[in-house]
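J.: Pasting in a structure now, in structure tokens, and then I'll have a few things to ask.
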């Protein structure tokens, strides 16, 4: 009886070591508060760029999308991403040859992305 209990106790670690390890396909996220984007270009929102952005994008957003004054609500320390497309860590993160950014859910069909922060993906 003692031999059966001992065998059962010794068998548990052996079975645990024999279990195959499943590799993780996801990596720790650097983009917790938005979406991961690959943008053709990005610009800071300093005074000169902000005036250009308000002129070009403000007119475009106001005229086409009915979102005039949107750039006044954007954090001045964040980036504006231009011509962005969403990427995923698993799928095509290494295919972004331009600027990889994390944008706070302000994507207008890839035209612009507001509230972005640059991130580095090394997979």
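Using N, Cα and C of the backbone, Cβ positions are placed for all residues, glycine too.
Pulled these from Swiss-Prot:
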{"type": "SIGNAL", "residues": "1-18", "note": "signal peptide"}
{"type": "DISULFID", "residues": "31-102", "note": "disulfide bond"}
{"type": "CARBOHYD", "residues": "33", "note": "N-linked glycosylation site"}
{"type": "DISULFID", "residues": "38-96", "note": "disulfide bond"}
{"type": "DISULFID", "residues": "39-84", "note": "disulfide bond"}
{"type": "CARBOHYD", "residues": "40", "note": "N-linked glycosylation site"}
{"type": "DISULFID", "residues": "103-116", "note": "disulfide bond"}
J.: Of 38, 39, 84, 96, 116, the disulfide-bonded residues given in the record, which has the fewest other CB atoms within 10 A of its CB?
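T.: 96, out of the disulfide-bonded residues 38, 39, 84, 96, 116, has the fewest neighbouring Cβ atoms within 10 Å.
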J.: Around residue 84 (disulfide bond), which of the listed recorded positions (31, 33, 116) come within 10 Å, judging by Cα atoms?
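T.: Near residue 84 (disulfide bond), where near means Cα within 10 Å, there are no recorded positions at all.
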J.: Of 31, 33, 96, 102, 103, 116, which recorded positions are close to residue 40 (N-linked glycosylation site), meaning a Cα within 10 Å of its Cα?
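T.: Matched recorded positions: 96, sequence order.
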J.: Can you give me the same-chain residues 6 or more apart in sequence from residue 31 (disulfide bond) with a CB-CB distance under 8 Å?
T.: 102, 119
J.: Just to confirm: which same-chain residues, 6+ apart in sequence, have a Cβ under 8 Å from the Cβ of residue 103 (disulfide bond)?
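T.: For residue 103 (disulfide bond), the qualifying residues are 34, 35, 37, 81, 84, 113, 114, 115, 116.
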J.: Looking at Cβ-Cβ distances, which residues of the chain lie under 8 angstroms from residue 33 (N-linked glycosylation site) while being 6 or more apart from it?
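T.: The answer is 102, 104.
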J.: Run through the Cβ atoms and count how many others sit within 10 Å of the one on residue 102 (disulfide bond).
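T.: Within a 10 Å radius of the Cβ of residue 102 (disulfide bond) lie 21 other Cβ atoms.
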J.: In terms of DSSP three-state secondary structure, what is the assignment for residue 102 (disulfide bond)?
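T.: In the DSSP reduction, residue 102 (disulfide bond) maps to strand.
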